[in-house]
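The domain 'Cupin type-1' annotation in TrEMBL covers F:9-162. Taken from TrEMBL, the feature oxalate binding site covers F:Asn54, F:His59, F:Glu64. Positions annotated as Mn(2+) binding site by TrEMBL: F:His57, F:His59, F:Glu64, F:His108.
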Protein chains: 6
Amino acid sequence: MLVVAEDFFKHVDAGNTTNKLGSKVTPVSVNELFGLNTLGISLARIDFAPRGLNPPHIHPRGTEIVIVIEGTLHVGFVTSNQNNGQNRLFTKVLNKGDVFVFPIGLPHFQLNVGYGNAVAIAALSSQNAGVITIANAVFGSTPPISDEILAKAFQIDKNTIDYLQNQFWYDNN
Amino acid sequence: MLVVAEDFFKHVDAGNTTNKLGSKVTPVSVNELFGLNTLGISLARIDFAPRGLNPPHIHPRGTEIVIVIEGTLHVGFVTSNQNNGQNRLFTKVLNKGDVFVFPIGLPHFQLNVGYGNAVAIAALSSQNAGVITIANAVFGSTPPISDEILAKAFQIDKNTIDYLQNQFWYDNN
Amino acid sequence: MLVVAEDFFKHVDAGNTTNKLGSKVTPVSVNELFGLNTLGISLARIDFAPRGLNPPHIHPRGTEIVIVIEGTLHVGFVTSNQNNGQNRLFTKVLNKGDVFVFPIGLPHFQLNVGYGNAVAIAALSSQNAGVITIANAVFGSTPPISDEILAKAFQIDKNTIDYLQNQFWYDNN
Amino acid sequence: MLVVAEDFFKHVDAGNTTNKLGSKVTPVSVNELFGLNTLGISLARIDFAPRGLNPPHIHPRGTEIVIVIEGTLHVGFVTSNQNNGQNRLFTKVLNKGDVFVFPIGLPHFQLNVGYGNAVAIAALSSQNAGVITIANAVFGSTPPISDEILAKAFQIDKNTIDYLQNQFWYDNN
Amino acid sequence: MLVVAEDFFKHVDAGNTTNKLGSKVTPVSVNELFGLNTLGISLARIDFAPRGLNPPHIHPRGTEIVIVIEGTLHVGFVTSNQNNGQNRLFTKVLNKGDVFVFPIGLPHFQLNVGYGNAVAIAALSSQNAGVITIANAVFGSTPPISDEILAKAFQIDKNTIDYLQNQFWYDNN
Amino acid sequence: MLVVAEDFFKHVDAGNTTNKLGSKVTPVSVNELFGLNTLGISLARIDFAPRGLNPPHIHPRGTEIVIVIEGTLHVGFVTSNQNNGQNRLFTKVLNKGDVFVFPIGLPHFQLNVGYGNAVAIAALSSQNAGVITIANAVFGSTPPISDEILAKAFQIDKNTIDYLQNQFWYDNN
């Protein structure tokens, strides 16, 4: 089959942020744009309503670099366990034109702290970096993780775990 | 400096499981065994008291393959977000001689469900795979993540978030 | 030295397009943002005046994925030599929200064909992908390439080669 | 086809060491455990009778890290040719809990020097690291290597080469 | 299908240099020798008539190392854009037995400056490194690049561009 | 320090084959040509007297592709252990212009079976592929491998092992 220019092309519209989280990620990975195959990179547009949150998540196979196109974002990531047993949090408030890096595999988040909408473009160092929304993966998996495990891991009683596991976990990707 | 056989050697003892989680990971990564430098592999011994838990965690730079040396473990991992918005959980009960794989970057855990102690040997596909204990990274980071973010991400009130952030988060690595 | 959030941050302003080419690339590679070290990705903002051109160039160490933020761009890339001796050209007119991929090592260009300015965000699959502006490298190198070589390669007389080698070759990166 | 937990699971029993070498390697590579595909790691259990030998061999595509579970092993590896024309030998006696590294592509061996059986767990930095048992490959290949080549390479007469080529070469993998 | 020795074998004859450029590249890549698959290397024989030129070209996926077997070559490569906006040219005259390296993705060329024919063997760090003959790709693509783009990029009038685009662009690979 | 063209250059002369093996390898790796650093390729010239042998050896970090410049070579490589416990031998007689591939990590050899001298150019898929001459590494290591190990591995009495360990092992690299 002959390759054509359209194989390297994809249009991206603003995402619909009318949801629990007030944010929407529109990915352009190899799943959406086949010309990315073997090329080790992908892109996403992220839209935020006011106070909209892209909740703590992990890309298991890619570093993310983000640039703010519109609005103001509070962003951060947490390091892996340090020698002193801590996980350090790095945060920054980003405005239009600001660029920030979230290293591969580390939990990170973005919150719209401006008055209006916000838009960011993110690039990822994989054709298909994957997304694990942490709360969804831990409390909303199918089937659920044993509540003994979650109660001990999160230092919280089983009733609260059961309550959490019964929530609806929206995936904004 | 001349290289010697000791540069490729390290002794590993049983870990002390007298702690909140009832488990202890003893790593043999490039930090402990310099001869692993550039070689793309490392190892760990994991000890469990009865009901001891190696809580949900992520290795940002490595796949883990584990073999049970003694005891009985309930193990599992959660996939990244699927097209239907779900995160699938895969679990298995492992006995002596059983081998299981936790793919790179995915949250996984091990719980001792036998009557006695349990011991496993884990190998990782990186000289320094890193560990992110999820609950610790999310609720125990230094400084803490904004409770607005965690309350919205975990669908839980800020009081509970604040309670969680004030716990002591033990790192078993 | 302790790592801080600023190590992962960089601000990018609009580039000055008042030059021969009417375009300006503002890179955010590991040279500008040290936190990108080892992470395999970088970013750039590209500004275009009306009819501004980002001339045919090559990134020797990276694939580029670009999204149009404002304006209308005519973009294209040329393949490596095909079995029939041809080099195929792939082109597309991109508007706001359109995404396009330029595979690693292939010559590509972007021309602003709209009435106003244009802005694009490009991401590259390397912390330092490199740029070779083809005309500059071939006709403006220091010292110059022998005119015998260029005359034979470009099927053009040596006088024209000498004329070209005496031009000022502006680098918009 | 839906992926299931069993795709990431394999049981390993003790190997039968009643053979010429007194050792048996039981691999868990991608050939035995399909879930290892693309993940860059594999594992093996190695059993030794008293004086049992895992003879000099090479893994062409992987580094090995080994931990002794039971017994006492004399282990070693030989470096590639040094500037002075030598090949250095590194050896160590390992007891229970000792860990040792055999770098990728280097000839190495393990000999049970204790009174009872010995067991080791080895991990390899490839989903399918390959094994070349040196004596088997050199003297037991199908068809045989020309005895002119082996006589000159091993500084030994052709009769001895022919004798060696007529032995039964047991593969303990 | 059983693998046989012929899968790792290919014969290479002298190339026919009776053409515009006076040179001929005879590649032995994975396209010609299937046993190179996944092995990350390939080879080529390059023949030159007197004053024969292997014109400025790029291998998008491989470094080249060349050794002169016969004759005298003037060789060179141009760096990517430097901080001062320059592209540096490195050249050397090579005689029989001389070895030279052309780093991945950089434009390079070889010109026979001796009295007789010249022959070189080149190796490339990819099973299929690709070739982009710069003049052919820029002025001889199918379809042609817009002459507005080339006129602006090469600082030359559209008539000359049109003249160049109407030449026959011989591919010596 | 400014990079110069000489950093990418090295001259190679014919090797002296007046030695036990009747062959000499003259490497151009990163040790001899610093410009190869990070570029993943290197080269060697191999000279053979009549019946000269490049004895069975392994490159732990590289595939080799060889082209015969002069003479006639009998070449071969042995696979890693197959499922049926065999190691398959692939051989071929090569004449001038013939190209052959020795995949990474596999034992291989070249014997001059022509009437005159022979010359080959080899390229390797690493800046420093390493060489392990098998007989030297096994019987000539410093210090020697225990004769118990070698006697059992090679199915030969300890007296013959001791005799072999007392030979002079010439390294033709």
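Glycine is treated like the rest: Cβ placed from N, Cα and C.
Known features from TrEMBL, placed on the structure.
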residue  : record               : DSSP (3 states)
F:Asn54  : oxalate binding site : strand
F:His59  : oxalate binding site : coil
F:Glu64  : oxalate binding site : strand
F:His108 : Mn(2+) binding site  : strand
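Across the structure, F:Glu64 (oxalate binding site) and F:His108 (Mn(2+) binding site) are spaced 10 Å apart at their Cα atoms.
Around the Cβ of F:Glu64 (oxalate binding site), the number of neighbouring Cβ atoms within 10 Å comes to 24.
The two recorded residues, F:His59 (oxalate binding site) and F:His108 (Mn(2+) binding site), show a Cα separation of 9 Å. What surrounds the Mn(2+) site, by Cβ distance within 8 Å of the Cβ centroid and not counting F:His57, F:His59, F:Glu64, F:His108, is the set F:Ile58, F:Gly62, F:Phe77, F:Phe102, F:Leu106, F:Pro107, F:Ala129, F:Val131 from the same chain. Listed in sequence order, F:Pro107, F:His108, F:Phe109, F:Val131, F:Ile132, F:Thr133, F:Ile134 are the same-chain residues six or more apart from F:His57 (Mn(2+) binding site) with CB atoms under 8 A from its CB.
Those same-chain residues not listed among F:Asn54, F:His59, F:Glu64 yet with C-beta within 8 angstroms of the centroid of the oxalate site C-beta atoms are F:Val25, F:Ala44, F:His57, F:Ile58, F:Val66, F:Phe102, F:His108, F:Ala122, F:Leu124, F:Ala129, F:Val131. Other Cβ atoms within 10 Å of the Cβ of F:His108 (Mn(2+) binding site), summed over all protein chains shown, number 22.
Taking the Cβ of F:Asn54 (oxalate binding site) as reference, residues of its chain lying under 8 Å away and at least six apart in sequence are, in sequence order, F:Leu21, F:Ser23, F:Val25, F:Ile46, F:Phe48, F:Phe109, F:Gln110, F:Leu111, F:Asn172.
All protein chains shown were included, and the count of other CB atoms within 10 Å of the CB of F:His59 (oxalate binding site) stands at 27. Mean model confidence for the domain 'Cupin type-1' (F:9-162) is a pLDDT of 97.
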